[in-house]
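What TrEMBL says about this protein:
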- Leu38, Arg39, Gly80, Lys83, Thr84, Thr85, Glu146, Asp147, Phe148, Arg189, Tyr199, Arg236: ATP binding site (BINDING)
- Thr84: Mg(2+) binding site (BINDING)
- Arg309, Arg328, Arg333: DNA binding site (BINDING)
- 1-12: compositional bias 'Acidic residues' (COMPBIAS)
- 1-25: region 'Disordered' (REGION)
- 200-270: region 'Small ATPAse domain (RuvB-S)' (REGION)
- 273-363: region 'Head domain (RuvB-H)' (REGION)
- 342-363: region 'Disordered' (REGION)
Amino acid sequence: MNWDDSTPDLADDAPVPTDGRLVGASADGEDQAVEAALRPKSLDEFVGQERVREQLDLVLKAALARGATADHVLLSGAPGLGKTTLSMIIASEMKAPIRITSGPAIQHAGDLAAILSSLHEGEVLFLDEIHRMSRPAEEMLYMAMEDFRVDVIVGKGPGATAIPLELPPFTLVGATTRAGLLPPPLRDRFGFTGHMEFYAPIELERVLHRSARLLDVEIDAEGAAEIAGRSRGTPRIANRLLRRVRDYAQVKADGVINVEIAAAALKVYEVDHRGLDRLDRAVLQALLKLFGGGPVGLSTLAVAVGEERETVEEVAEPFLVREGLLARTPRGRIATPAAWSHLGLTPPQHSPGASGQPGLFGA
Ligand SMILES: Nc1ncnc2c1ncn2[C@@H]1O[C@H](COP(=O)(O)OP(=O)(O)O)[C@@H](O)[C@H]1O
Ligand SMILES: [Mg+2]
């Protein structure tokens with residue numbers, strides 16, 4: 001059985017691929033290769049997320065002091081905020097080995113049974129994208145988490161029998177970008193839940209200085225601040241922009257990253273000072289220039305930018321909404337006053353999107 005092979009399936013809740021997008025938060029091939037080298041190895045090295053870090057520190061230290069296996073941990077948060085990194089840190093702080101798999105890789109309860117029965121005492125099982133696990137596997141996991149036991153079903157039909165199998169105590173670390181999709185019985189079985197927040201620019205600056213050191217790149221404080229401000233609160237994006245800016249600095253200058261180099265490089269890559277890329281700006285531009293700031297339906301907006309509905313809705317909009325540039329209302333998408341000023345445009349007098357009346361953004 002090949003449970004470490006997380007072949008992406010095309011389930012309904014599968015994320016829309018954002019391959020090749022410089023400000024996309026999912027890991028591409030290059031990210032995966034580089035990230036291993038950039039991951040902090042201990043809680044002390046892990047930047048930001050003070051609350052999660054402090055609470056987790058207590059959970060782990062207490063378990064170590066008791067000589068027990070740590071409680072199951074659920075990490076929720078947007079892609080690229082450090083969930084995988086933190087799971088590896090949990091294992092290393094517990095001085096325990098880690099087994100890595102993901103929800104989509106576990107199609108059958110049998111896949112999960114095979115993994116669980118091969119765990120060693122105290123081992124950390126990292127289950128990425130836990131919300132995408134199949135239903136039968138999920139139910140098996142309930143019992144495994146609570147009683148360290150699974151029922152292996154042997155045979156089919158009326159003759160099938162359940163053979164109980166004892167498991168060694170282990171720590172499940174589940175990661176999800178969609179905590180809301182987890183069934184409550186599963187959520188309840190975690191002893192600790194950490195919600196990962198987007199990072200403040202100053203925290204991303206620390207991430208960037210650390211990564212630059214590991215990549216042997218010279219960067220000054222203003223250069224780091226420039227990149228941090230465009231990184232959408234996400235360390236993975238910060239690290240990716242850093243690598244592109246480094247390329248530019250090597251080719252066009254002496255390799256040192258300062259504010260001018262960072263700004264010039266990110267101009268070439270079309271990432272603006274707020275972290276919007278070409279797609280984001282195309283959506284805003286259509287909304288403002290073609291539809292006077294809205295309201296306009298998602299499908300119409302998508303046609304206007306020549307993209308799929310899903311791409312606009314799932315790739316571009318979440319960040320625009322988060323940034324307060326676009327609002328989703330029952331009547332359609334509308335631009336906020338900030339959108340007009342971000343693109344340097346003047347709102348027409350009667351544009352609903354420009355009026356800034358709170359009522360328009362409600363409900
Ligand atoms: N708190 C942090 N401090 C330093 N680097 C971080 C931090 N969080 C994430 N990173 C870096 O960002 C990248 C993505 O992190 P990852 O753990 O893979 O995110 P997730 O699993 O949430 O998608 C990794 O290269 C990691 O080194
Ligand atoms: Mg991850």
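Note that Cβ sites are derived from N, Cα and C of the backbone, with glycine treated the same way.
In the vicinity of ligand 1, defined as a Cβ distance under 6 Å, none of the binding-site residues Glu146, Phe148, Tyr199, Arg309, Arg328, Arg333 are placed.
Less than 6 Å separates the Cβ from ligand 2 in the case of Thr84, drawn from the binding-site residues Leu38, Thr84, Glu146, Phe148, Arg309, Arg328 in sequence order. Proximity of Arg309 (DNA binding site) to non-local residues of its own chain (separation of 6 or more, Cβ distance below 8 Å) is seen for Leu298, Ser299, Ala302, given in sequence order. A distance of 31 Å separates the Cα atom of Arg328 (DNA binding site) from that of Thr84 (ATP binding site). When the binding-site residues Arg328, Arg333 are compared by the number of other C-beta atoms lying within 10 angstroms of their own C-beta, Arg328 comes out lowest. Counted within 10 Å of its Cβ, the other Cβ atoms near Gly80 (ATP binding site) come to 28, all protein chains included. According to its DSSP assignment, Gly80 (ATP binding site) is coil.
The binding-site residues Thr84, Glu146, Phe148, Tyr199 differ in how many other CB atoms lie within 10 Å of their CB, and the one with the most is Tyr199.
Note: the CA-CA distance between Gly80 (ATP binding site) and Arg333 (DNA binding site) rounds to 27 Å.
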